[in-house]
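According to TrEMBL, the protein carries these features:
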DOMAIN    1-91  domain 'PH'
DOMAIN    126-211  domain 'DEP'
DOMAIN    234-338  domain 'PH'
Amino acid sequence: LSMQGSMFNTWKPMWVVLLEDGIEFYKRKADNSPKGMIPLKGSSINSPCQDFGKRMFVFKLTAAKQQDHFFQAAYLEERDAWVRDIKKAIHCIDGGQRFARKSTRKSIRLPETINLSALYLSMKDPEKGIKELKLEKDKKVFNHCFTGTCVIDWLVSSNSIRNRKEGLMLASSLLSEGYLQPAGDTSKAAAEGLSDTPFLDLSDAYYYFPDSGFFCEGNSSDDDVVLKEEFRGIVVKQGCLLKQGHRRKNWKVRKFVLRDDPAYLHYYDPAGGEEPLGAIHLRGCVVTAVEDMPDSKKYDADNILFEIITANEIHYYLQAASSAERTEWIKAIQAVARTGK
């Protein structure tokens, strides 16, 4: 999520974790210690939040000491999902209950005795846990991942389950709660509901731990000449957008090409030319819709803007031709930023 700074009113990307009793936020996903923590006891949440007229999908969390914290999601459904879960966590604290997301405990009927967090730590144990491998499929190399079959085999061998059917239920719970992530088309399709189970007990269904060093890269044959690393990936989306310049703040039409692995958004002169004018590295970035900003009105294109904040906190402002196109770009960039190298 994007989070507003308390001193200079600036927005920065943060890795945000919802706990049972609070919200932790980290500068980077891989950081071991959080930048801060907001306790949820006595807190309230306000959404939609109108404090920032030019920013969309903002929600406000007011702590017990009347301190306001502002977060911005990338699109409406993402904001509503955060607000729903935070409200439920606050409600559980007030009622003396333990917070657990509805998706796992009720739909999959996971026994209350199962501690997914403890199980996840055991799975990641360097000596006795699941071994992270380099796997190849469809001319791609998946680094730091493992197969669905390996997960079920490990659950059986560690006596966490009695049979493979129970293993599918438990692995689906881990997937639903975000302890496992799908890698590759097969496992992603199942996680999106295109299979009988969200998790697949298959040797060609790949998964990875969310805080591992996972990345995917193209695996070209000897006949293919790769001139630059950032051009190895598959084109996910391309089209023309307005881009704001960094020096003169003027807006120009550029052709954009989004590649998945590594995660780059290249921009070109729309009149032609094979060499890009520049590139935005998307790994670890945050992308959000923005309602308005200075100097954008002169193009009079309804200000259908979105902002990319890179991992090193460089801000890029882009403008789409329609709200639907903006949403498509945001979701495509988000997906690439999560899974690309």
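Using N, Cα and C of the backbone, Cβ positions are placed for all residues, glycine too.
Help me picture these features in the structure, burial and contacts included.
In terms of DSSP secondary structure, the domain 'PH' (1-91) contains 16 helix, 33 strand, 42 coil.
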Across the domain 'PH' (234-338), what is the average pLDDT of the model, as a whole number?
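Summarising the domain 'PH' (234-338) by its mean pLDDT gives 81.
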